Amino acid sequence: MDALCNASEPPLRPEARMSSGSDELQFLGWNVPPDQIQYIPEHWLTQLEPPASMHYMLGVFYIFLFFASTLGNGMVIWIFSTSKSLRTPSNMFVLNLAVFDLIMCLKAPIFIYNSFHRGFALGNTWCQIFASIGSYSGIGAGMTNAAIGYDRYNVITKPMNRNMTFTKAVIMNIIIWLYCTPWVVLPLTQFWDRFVPEGYLTSCSFDYLSDNFDTRLFVGTIFFFSFVCPTLMILYYYSQIVGHVFNHEKALREQAKKMNVESLRSNVDKSKETAEIRIAKAAITICFLFFVSWTPYGVMSLIGAFGDKSLLTPGATMIPACTCKLVACIDPFVYAISHPRYRMELQKRCPWLGVNEKSGEASSAQSTTTQEQTQQTSAA
């Protein structure tokens, strides 16, 4: 009877156990079939298996992320795509970001299944799918954040020269998707690097651990083009926005002082600018979240390729993996807090959410939207 039970279990690697007296220490990969071991970097096979409770805790955490991200990003896509007042060229980038964030959460069921089976349960095929989804959504979100920064930069620093049209916004979004494609296809086809399990063997990413020149070159290249480039663009655009706002306010105060008046702004101008600033703050917050969530992962991959690999324990590498997914869950709620017109639509369509948006700022955002659409019609 015992022989029959043991036959149904996946065979263990001979080196997968260490015995010390009556205690047994299992290593990662102890429950992986022999034909799947070849896909796991040797670094992880030398690491101790974490307690089962850690797997289960991460599985439950990802269940929460999956539902929160699906609900939040689903509502953003629904409202931004069906509300006429929100259907503007600028919001095409917000919609694109929500799509990338939604795609990011679609790989959560793979992680959840692996976690509750304590390892590389679904095998290499689903590992490739998991990593492909992660590469597309992560790199795409970064480049979309840069595009949002570019758009906000033009809206706030060049209010009389808004040249963003639907055609231009769609083309920019298509370029973003095309930009992401090589970083998925190259490791997926193993033409350059490969996708492999990482950490607790429940998630997958590009190989940053193999000790060869090609791996180091790939890690350095993808780090530059998928993290450094969008980060530099984001920092440039938002630093220009902040500088413009401070200089503009300073100029208005000085002019008002010369004219011996309290302020040169009308109530309408104040309301309109408040709405624009709130939208800019939302964009800045999301870009900050992108930077905070992806920096640990970038540092981890650089350590794996160029540094001391002993620093990369399974538990340590799971933290950056979780922060990357967390930002996809938070993004839509940042807009729910900060975007006046989106809050107004939420209040109208989902009154049970208890959103209370003042009509003044939403109306000013609406007038800005109308002005944009009028300018686009004139340009056409």
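For all residues, glycine too, the Cβ spot is worked out from N, Cα and C.
Placement of S53 and K250 with respect to the membrane, taken from Swiss-Prot, is on opposing sides.
As annotated in Swiss-Prot, C127 shares a disulfide bond with C204, one of the listed residues C5, C204, C229. When you go through N6, N163 in Swiss-Prot, the residue listed as N-linked glycosylation site is N6. The most densely surrounded of the disulfide-bonded residues C127, C204 is C204 (count of other Cβ atoms within 10 A of its Cβ). In summary, the transmembrane segment (131-150) lies against the transmembrane segment (218-245): three or more C-beta pairs, each 6 or more positions apart in sequence, are under 8 Å. Secondary structure at C204 (disulfide bond), as computed by DSSP, is strand. Here the transmembrane segment (92-114) has long-range neighbours at 58-59, 62-63, 65-66, 69-70, 73-74, 76-77, 80-81, 120-122, 126, 129-130, 133-134, 136-138, 140-141, 144-145, 147-148, 151, 166, 169-170, 172-173, 176, 201-203, 286, 324-325, 327-329, 331-332, 335, meaning same-chain residues at least 6 beyond its ends whose C-beta is under 8 angstroms from one of its own.
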